[in-house]
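The next block holds one structure in the form of structure tokens; read it before the comments.
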Amino acid sequence: MDAHPPENLYPYTVSRPIYSNPTFEEDNERQAREERTLRERLSRTCGCSGRQALKVVKGVFPVIDWLSRYPIREWLPSDVISGVSTGLVCSLQGLAYALLVSVAPVYGLYSAFFPILTYFLLGTSRHISVGPFPVTCLMVGSVVLTLAPDDHFLLPGNGTGVNGTEADGIVVDVEAMEAQRIMVASSMTVLVGLFQVVMGLLQVGFLVRYLSDPLVGGFTTAAAFHVLISQLKIVLSVPTNNHSGCFSILYTLIDVFTNIRQTNRADLAAGLLTIVIVMAVKEVNSKFRHKIPVPIPIEVIVTVVAAGISYATELESRYGASIVHSIPRGFAPAQPPNTELLWNILGSSFSTAVVGYAVAVSVAKVYAAKHDYTINGNQELIAFGFSNVFCGCFSGFVASTALSRTAVQESTGGKSQVAGIISAVMVMIVILALGNLLEPLQKSVLAAIVIANLKGMFMQVTEVPTLWRQNRADCFIWLATCLASVVLGLDVGLLAGLVFEMGTVVVRTQFPACSTLGNIPEMDARNKFPGIKIFKCNAPIYFANIDYFKERLRVTVGFDSVRVFKKRNKALKKIHKLIKKGKLRATEVRYNLIIVCSSGQVEDGDWPVPEVEVRVDWALELPVRVSVPKVQIHSLVLDFSAVSFLDVVAVKSLRLVIKEFLRIGVNVYIAGCDDEIVRKMEDLSFFDEEVTRDLLFLSVHDAILFIKLETLSLMQDCKEPPPFTEEEDLIETYDNQHRVRTISITPITLDFGVD
């Protein structure tokens, strides 16, 4: 539809008084903020009644609230279908993601089962599927390989023992290695959970907001590269050393290509075929999602078929394929974490806790917005924390959520976490009864399933050109985080990306966008009126950017108020000397100056004048050779509508800036201050006898109209610059408090000439 021409627009008129902050507060009877004592706040917060107790219980256990209102007839059939579909995917992803942690596949099943139980009771999202996530699994796996590498379990021997595998005359004690690795993984999981619980109890869920979308996008893309390389060696079935930390991707690639001739063709063929089939069917599911009632469970189909082919053709014995081997039935007994390991994994555990929570909350918010409900970020921290503690005590590893698995649960009709419980039942059936059927499955098939599910992460690369066009700072955050995480490892890379992100925030606030305002004719009062400048700062003002603020203000007004003040002092001193020598007298209008003799007589050109009153029009020619910068304005309006806070340094500097302008006859007004900014000014003693609350206006419009109603001559008569004193005065300036000696000359108006 075409836009209406300007003549069809409807004009409007607003009629109200011109308001400064004091007059507005007086007319509207501002209410003082009620300040409660510490005792009153504690009694209000810690008071307990039956209703408050029930509210607290429902807050800690959200299941009590939503399960009591659960519509069984409408939601239960959909939740059952969704739970069955999601449970099959959970089982296979659990088996596959265990490879990322470098532990036996059965522990992936535990990690797909236990977290669901506690999240059902404590979680606030109705749609996310709780369980292993590739990024957190890889972060745990890097710690596992660092603390329990193969080299720690080598035994000399000439043959393969019951509990070992032989390679070049060296036996690896597989049983001891598996036990130690799962101990490291489960201990780290418990510590991750404890970090999350503590963060939730301290109500610091807001910290995850520092992980911006570009940072998370770059980090998860880098993690996808790490996952791809870690699974590439399994698809090729080539021997490699365990690498973690800086340049681990490069070292792993070198090992892979060094041993590329040892590739097992059966594993490679199975892996490539799985990748192609899974990705193709997922595309079909995505393209025809509105026509297919339930997505095709291609991972389940491929896994069952691959396990059957491997069993029928005896791929391990005939072709040397690497298979899952043993998936014991039942659950491992509960065991406490190894406290001796905790000090070695503190940093990695904290970063993993933050990443796992950030990913889970991001996914939860997407589906909460889609289905019109809210989640509690701090309660989510507590829910995931207890889920990880519970899971770690039963030999599981870190739980979060995966977008692909959550998409399956939601797209198949899941309405609540009842679907999650049903999916846990499916995983339990696999653990107790069906696990042994998957023992012939090739590991390359599981690795291929992991790789096929990385497509969504890799597609985030397409966001880079869009970010470059929209906001280059965000684009640099994405690229820096991704590059750092690829090169330095996920833990250090995340920290480096966070530091870089904070650096961009500091730079953007330290050098904020400042502008001189004008107006659209007949729209508002922000016109470029002669003698008025309107200056706007679009950022908080604090110690880091106050110097930049003053520099931009100098550029906007076109002069340095301190330099003008010094030059005028110098000119006045010379004029004073001319008066004392009798070379300057009021006989003709050659300069717009007036000299008034307050006492004494003029005899033979000698003026015994102890005190002289002089007024100078600084815009005209002076009787002395001093270059005084021209001041083209009489009023300056500071638009603080975009200023969110001030600190002590900023308030002190602003007060000095205003006084320096007042000394040279330029009136300063501040417009658009929020009440909190005004209150902060009062708390920091911003106002005094010269800088009063009368300079505050509700808006730029009010300030400009106030200035227009005051004529220039009236402003000069009524609001003269403060008088100079003959005593040496210490003036704080932009230039680090230089000393300026001034002469006492009281302003008035006359004309004079020079002999």
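Placement of Cβ uses the backbone N, Cα and C atoms for every residue, glycine included.
According to TrEMBL, the feature transmembrane segment maps to 95-122, 129-148, 182-208, 215-234, 341-369, 381-403, 418-438, 445-464, 476-500. As annotated by TrEMBL, domain 'STAS' applies to 530-707.
Remote same-chain residues near the transmembrane segment (341-369) are listed as 124-128, 130, 133, 135-136, 139-140, 142-143, 147, 183-184, 187-188, 191-193, 195-196, 199, 205, 207-208, 211, 216, 219-220, 375, 377, 380-381, 384-385, 388, 398-401, 403, 406, 410, 490-491, 494-495 (criterion: CB distance under 8 Å, separation of at least six residues from the stretch ends). When Cβ-Cβ distances under 8 Å to the transmembrane segment (381-403) are tallied for each of 95-122, 182-208, 215-234, 476-500, the top count falls to 182-208.
Tallying C-beta pairs under 8 angstroms between the transmembrane segment (182-208) and each of 95-122, 129-148, 215-234 places 129-148 first.
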